[in-house]
Amino acid sequence: MDSIIVRGNGPLKGQIPIAGAKNACLALMPATLLSEEPLTLTNAPRLSDIRTMTELLASLGAEVTALQDGKVLAASCHGEINPVADYDIVRKMRASNLVLGPLLARLGHAVVSLPGGCAIGARPMDIHIDALAALGAEIELKEGYLHANARGGLKGAVHEMRFASVGATENFLMAAVLAKGTSVLKNAAREPEIVDLAKCLRAMGAQIEGEGTSDITIEGVDRLHGATHPVVTDRIELGTYMLAPAICGGEVECLGGRIDLIESFCEKLDGAGISVEQTHTGIKVSRKNGRVRAVDVVTEPFPGFPTDLQAQMMALLCTAEGTSVLEEKIFENRFMHAPELVRMGAKIEVHGGHATVHGVEKLKGARVMATDLRASVSLILAALAAEGETMVSRVYHLDRGYERVEEKLSAVGAKIERVKGD
Ligand code: EPZ
């Protein structure tokens, strides 16, 4: 397994290109199951999760070809479709459950393995099941697999979700677009990735209104056609790299960044004393002089502070002046980066869903271990300005969501290298 070595360094300077959104692409790719015609996704990120989704879709009979060094995905699904999403692939990546809605819409049945828990939580699927059942699907759990049937096809319905689940919203959208009649999803997730999926489905001929708000209305159509769709910028990669100059000092422009994608995050950076400026080509971030100020953070569904940036924000707050409290309200176990940061000299107390961070002057390099995707990158961010050398092991977690992290950070002056493991 590869490791990444980071040596604490001075201010960063330059530009970092931000890729297409992993979490948008993982919902867009299954949309190819909805039509016999080709779906082309441009600005696709080059990540191991995308390769896992490609593998899953191939097992179902869809074909996804990576073109232009992986930045374009040409997908099609015009032959025989296998309705079974196998445990061996689904257990590797929870987003595999996003084939459930499209398979039901296209075939009227699906057999999808439950993903099982992951490092950050149990990750149940009850909200997905309730949403698809509202459209007329009968879903039962047998030997770890969800067996879903919609005899006579899906029928439009009004359904209110108990929680604004991102994945359940995406499954509902991809099922309702081919259902008979009108559907209204209430308490829908409002994330930019939902808006991007709705745009793509509309380009394929779907009739959708209200995406980005809590109420989305879908008029079912008989069939969808092919389309070409650009994947929206990755707001989590964007926020992650904005924190590099915030932690190290200097000035970095994140190319392609848009403040409207992460407004609540930008407000917190401003509160911490970090300068954030929208330019014509992206977002320019610099640290005003003096130490970062402590700020409190509460993670919430969009437009609240993104849970996927909580670990990275904690890395910044470890050396802030004062005490910060971070409350994680989305996942039940998303502070695994805290003990690793403590190994680097951070002063953090975790009690249930709250982490209290007492800022210290400087962290010290240490050997640390990545535990999940966002925790791993928070350790790298912390190491950028720590005294001495840090080795982050198990970086396969990192490669799921960040393309070429060592290249992007080296380009702005970070001392970072990847060490090939066995
Ligand atoms: C998406 O996961 C993202 N993944 C996650 O990003 C992100 O953290 C999450 O949304 C929240 O923003 C992708 O888009 C591929 P949810 P998803 O359904 O859809 C509970 C990353 O680092 N829940 O909104 O699975 C669930 O357990 C990943 O890129 C149920 O209880 O998130 C969690 O506590 C991590 N029952 C909360 O809701 C359900 O049926 C949010 O889940 C579904 C969810």
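Cβ atoms are placed via backbone N, Cα and C, with glycine included.
Automatic, uncurated: that is what TrEMBL annotation is.
Quantities reported herein were computed from a predicted structural model and do not represent experimental measurements.
According to TrEMBL, the feature domain 'Enolpyruvate transferase' maps to 7-409.
Every protein chain shown contributes to the tally, and the Cβ of Lys22 (phosphoenolpyruvate binding site) ends up with 26 other Cβ atoms within 10 Å. The feature phosphoenolpyruvate binding site is assigned by TrEMBL to Lys22, Asn23.
With a cut-off of 8 Å between CB atoms and residues at least 6 apart in sequence, the same chain places Pro115, Cys118, Arg123, Gly167 near Arg94 (UDP-N-acetyl-alpha-D-glucosamine binding site), listed in sequence order. Under DSSP, Arg94 (UDP-N-acetyl-alpha-D-glucosamine binding site) is assigned to a helix (H, G or I) in the three-state scheme. Sequence annotations record features per position, and here TrEMBL assigns UDP-N-acetyl-alpha-D-glucosamine binding site to Arg94, Asp308, Ile330.
Its Cβ placed at the centre, Cys118 (active site, proton donor) has 16 other Cβ atoms within 10 Å. The active site, proton donor annotation in TrEMBL covers Cys118.
Secondary structure at Cys118 (active site, proton donor), taken from DSSP and collapsed to helix, strand or coil, is strand. What TrEMBL records for Cys118 is 2-(S-cysteinyl)pyruvic acid O-phosphothioketal.
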Determine, to the nearest whole angstrom, how far the Cα atom of Asn23 (phosphoenolpyruvate binding site) is from the Cα atom of Ile330 (UDP-N-acetyl-alpha-D-glucosamine binding site).
16
In whole Å, how far is Lys22 (phosphoenolpyruvate binding site) from Asp308 (UDP-N-acetyl-alpha-D-glucosamine binding site) when you measure between their Cα atoms?
12
Relative to the Cβ position of Ile330 (UDP-N-acetyl-alpha-D-glucosamine binding site), how many further Cβ atoms are located within 10 Å?
19
